[in-house]
Amino acid sequence: MSKEKYKLHPISALINFIKVLKDMIVPLVFVVAVNGFGSGGDSEGWSSYITYIIYGVILLFLLVSGIIKWKRFRYWFEEEELRIEYGLFVKKKRYIPFERIQSLNYTEGILHRPFGLVKVKVETAGGGQTKEADAELTAITKDAAEQIKKEMLQAKNKLPVDSDETIQVEEIVERQTKPVFHISQKELFILASTSGGIGVFFSGLAVFISQFSEIIPYETIYDEFQVFIKFGVLLIALAVFLVLLVAWIVSVVITFINYYDFTIRVEDNEIIITRGLLEKKKITIPLSRIQGIRIAENPLRQLTGYATVIVDSAGGSLSEKDEKIRLLPLIKKKEINKILLQIFPEFQLDPNYINVPKRSRKFFYRLDFVWMIPVACVVIYFFYPYGLLSLLLFPISFGIGVWQHKTMGYYIDQQHLIVQYRIISKTTVWLEKRRIQSMTERTTYFQKRVGVSSIITTIKSGIGGAVTTVSHLDKEDAEILLSWYEPARTKNTQIEKEQLPNFETINLN
Amino acid sequence: MRAEPTNRISEKGLRVWYIYGILQSLIVLLVGIGVGTINYFTGEYVWLYIVTGAVVLIAGYLLTYLFPKVRWMRWRYEVREQEIELQHGLFIVKRTLVPMVRVQHVDTEQGPILRKYNLSSITISTAATSHTIPALITEEADELRGRISVLARVAEDDV
């Protein structure tokens, strides 16, 4: 094993600089704005330059610190560890055992591309101090990145460092399996155009409605006032619409750039996601880290038969608090099964759900009424005639409650729990029993009176937990769920589970 | 119906909760006195005195007697070979199952008031959640912590 120390590519000095600048952009703009406008006109001579000098010094300092950071950065491989030495003023060393490395994520930014470089993010298993355990190599050549992976694989498999073996490892690294999923142009376009949200639609509606103000008998009111109001409403609606339109176009472009060429591969029990037009991102998720799968269908996409598939992954970096990774950003619901079965052989979608009883329907909207009644009272009191419109909240909330009640359902087989629920979007959660960290039955006083309770499950997601609730199901069913989860009663089935075919055998073809 | 978990927390725990309740109601009392004082100097509405007095009295009763009592009656736990079961809650009853396999570590903790009564609380953490049994005799808590950590180590699984 070589003990040669490697440096990053010089371009990382520039990247460091830009990164710090990007982090500081908000306070910097703020300071510039305050200073610029505050002392702009009447200050004389050198004193107006002093601010510019300060900015110059700051920029220079950042640039130099970027260069020093790059100069000081070293990494090397020793005793099956990735060792890093870095630090601007204080020299720090970080040793990461290869065994502990969960995944290596690659990103190719605009600055990386011309030189054939990548940014490598080393992720370790999540502990309390995850941020400390992670490492980032700002820019190294692709060969160097391969070498890290090679060293890691060697250390993990405890391979001797024979030349033959090295070649074999290289083959593993080089092998590219057929993609499990690749986003089509059409899907990419739909994803981009529906991601901007519903705001544009409503503001368009506002412009439309303002046109109809002709019909409203303004004539009876003051003539001049009328013109002003009509003009004002139209102008504001138009302005809002334009702003939202621009926001929408920006979000379409951003989504398009981010999700361009979105591809999923499965290699060596890892899911590999690559995406991006300008900045190519490569994310690897070990299959063993995936804790649950959720399928979200917002009403708009539900109508058109599209859905989003999100996976919860354990561990990961602190920056992403709960690691919800969009595995399939947009997919026809019919095709989900086909794709996911290749990755998760046990996956199942839309079984025969057990619904929650009719008597629990009131729990889905009643609690909303509690806060809505005083709000409606206040609104009606202060804005008498128009305030009455707030009463519309009740049927709307009732309708949504009934809808939620209708959607709520769950299904269990020996090892899996599938829950379907709705807030506004419909979500289906697929959980493995062995991934559920704890299960709680929750009964309020009112639920108890009608023999209903809720079941709350928690799985690990990122460094925290993600909660899935089966709301207001029959008390007896809730207890069935509890005993389903109770390990003592399911000992036999666990042994059965181990006899199931391993994932690798399925993946080979 | 599932049977309730068998073990109760220490009776001395109830006494500690009474003390907590007294502290909390002292805060309510202070707020009440504040309202009364402001009323004395500004409005002098008689009904405000009555309402404030009633609120303080009721809150005092609930906080120092009824809530701790109900909470204590409700609190149950059971540590079995394969899982830990907890039940607690004042208005909302929660029953939680934590499989031994999922237990990552167990802590015991002792604040100043708990120490005076020779009590400890014990916290069981999984990868994503943590659960606390609030008041156990210190020796009992230590013994339980040891037992859980042994059981958790035995129950090895695939995560």
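Just so you know, glycine gets a Cβ as well, placed from its N, Cα and C.
Per TrEMBL, transmembrane segment is recorded for A:20-37 (among others).
Taken from TrEMBL, the feature transmembrane segment covers A:49-68 (among others).
Annotated domain 'YdbS-like PH' per TrEMBL: A:70-150 (among others), in sequence order.
Under the heading transmembrane segment, TrEMBL lists A:188-209 (among others).
The annotation transmembrane segment is assigned in TrEMBL to A:229-257 (among others).
TrEMBL lists A:259-339 (among others) with the feature domain 'YdbS-like PH'. Helix, strand and coil residue tallies for the domain 'YdbS-like PH' (A:259-339), in that order: 16 helix, 45 strand, 20 coil [DSSP].
Sequence-distant neighbours of the transmembrane segment (A:363-382) (same chain, 6+ residues past either end, Cβ-Cβ under 8 Å): 388, 390-391, 393-394, 397-398, 400-402, 404-405, 408, 446-447, 452, 471-472. Residues or ranges marked as transmembrane segment by TrEMBL: A:363-382 (among others).
Under the heading domain 'YdbS-like PH', TrEMBL lists A:406-485 (among others).
As a whole-number mean, the pLDDT of the domain 'YdbS-like PH' (A:259-339) in this prediction is 81. DSSP labels the residues of the domain 'YdbS-like PH' (A:70-150) in these numbers: 22 helix, 40 strand, 19 coil.
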